[in-house]
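Chemist: Residues annotated as ATP binding site in TrEMBL: LYS35. The feature domain 'Protein kinase' is assigned by TrEMBL to 6-271. The feature domain 'AGC-kinase C-terminal' is assigned by TrEMBL to 272-319.
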Amino acid sequence: VDLNRFSLRKCVGRGAFGKVRIVQHKESRIQYALKYIDKQQCIRQRAVGNILRERDMLIRARNPYVVNLRYSFQDDTSLFMVLDLMLGGSLLFQLDLHGGFEEAAVRHIAAELFLALDYLHSIGIVHRDIKPDNLLLDLDGHVHLTDFNVAADFRHRCVMVSHSGTASYMAPEIWTGKGYTWTCDLWSLGMILYEFTYGRLPFRRRKRSDLMHDVFYAPIVYHERNLIKRWPVNVQSDGIALIQSLLERDFTKRFGCSAPYLKAVKQHPWFKDMDWEGLQHKRIPGVFKPDRNKVNFDGTFDLEDQLFADKPLAYKPRK
C-alpha cells in the first residue's frame, strides 16, 4: 500500500508534525483519515520514537471505541497512518458548538469511554492524553479515542514518572513526578465529564504554576443548581457522585484504582439502566448525534492548506 492507492480530499486537522486529511481508497471507495507526518521535523524534534510507539500501540489496540489503524506506510519524506474516519468531529468541536451536553449524552459518552479505557488498560496501554480534542464521534454518535502519541506501554507494570499529557487534564500524581499508573486516565476522564456537564473545566488558569496549585489545593465546586438545565434532578446526584470519585486527588482512593474496574462501573447507580452487552457491540446508538447535514470540523484547516501549503502532498518514492 502507498499513497497512490488513495484519492486526496479535504484537510480536516493539524498535528505537531503534520496534517490529517480525508482520503478515499481508489478500489474499495472507503473513506479514511490520513495522518501524515514530516520525517525531518520528527527527527529535528527527536520524536521518531514517539511516532513509532504510537503506530505499534495502534496495531495492538483493536477496539470498537478506538480509532483503529488500517494501513501504515512511508515514502521518502513522510510517514503515513490510515485511520478510521470519524465524520462527527471531535467532542471539543461539539462542546464549543453546544456549550455542554444533556445528562443522557454525558452518561453514554462516559460508558463508552469506560469500555475503551478498560480494554486499553487490560492490554497494558495508558493513554495519558484524554481530552475533548482526542475524542472523535462517528455519525451515529459513538465516541472513539484517538491520538496515542504520548501513550505509555504498561505491560510490565513499571511505574511511570514523565510529565506527559495536556496540563489542564493531567492528574495530580503526574505533576508530582513521583510515579503513577493507569489511574491518571481516570482523573482525565473525570475532568472531561465535568467539562461536558458544566461547559467548563474546574480549574482555569493561564500560568502553569497556578494551574498546578489548583490541581492540588483548590476546591472542586459542584453547584448542582448551575448544572445545564437539561440534566434531570433525579439523576444529578448519581452522575455528580461518579465525577467526584474520578476527581479524587489521592489516586489510591480514586474510582477504578483497583483493576479490573469495569465491574464496579457497571454496578454504579448512574449506569443502572445501561445495556452493557448492547453497548459493547455498538447496538445502542449514541444519545448525542452530530448533524449529518453540517461539516463537523473546522473548515479553516482546508482553507489554510489550500492557501499556504508550500509542499502539496504527493507520493515521493523512497530512494
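Placement of Cβ uses the backbone N, Cα and C atoms for every residue, glycine included.
Whatever TrEMBL says is automated annotation, not expert-curated.
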Chemist: Using a 10 Å cut-off, grab the number of neighbouring Cβ atoms around the Cβ of the residue listed as 'ATP binding site', all chains included.
Modeler: 25
Chemist: Limited to the domain 'Protein kinase' (6-271), I'd like the whole-number average of pLDDT.
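Modeler: Overall, the domain 'Protein kinase' (6-271) comes to a mean pLDDT of 91.
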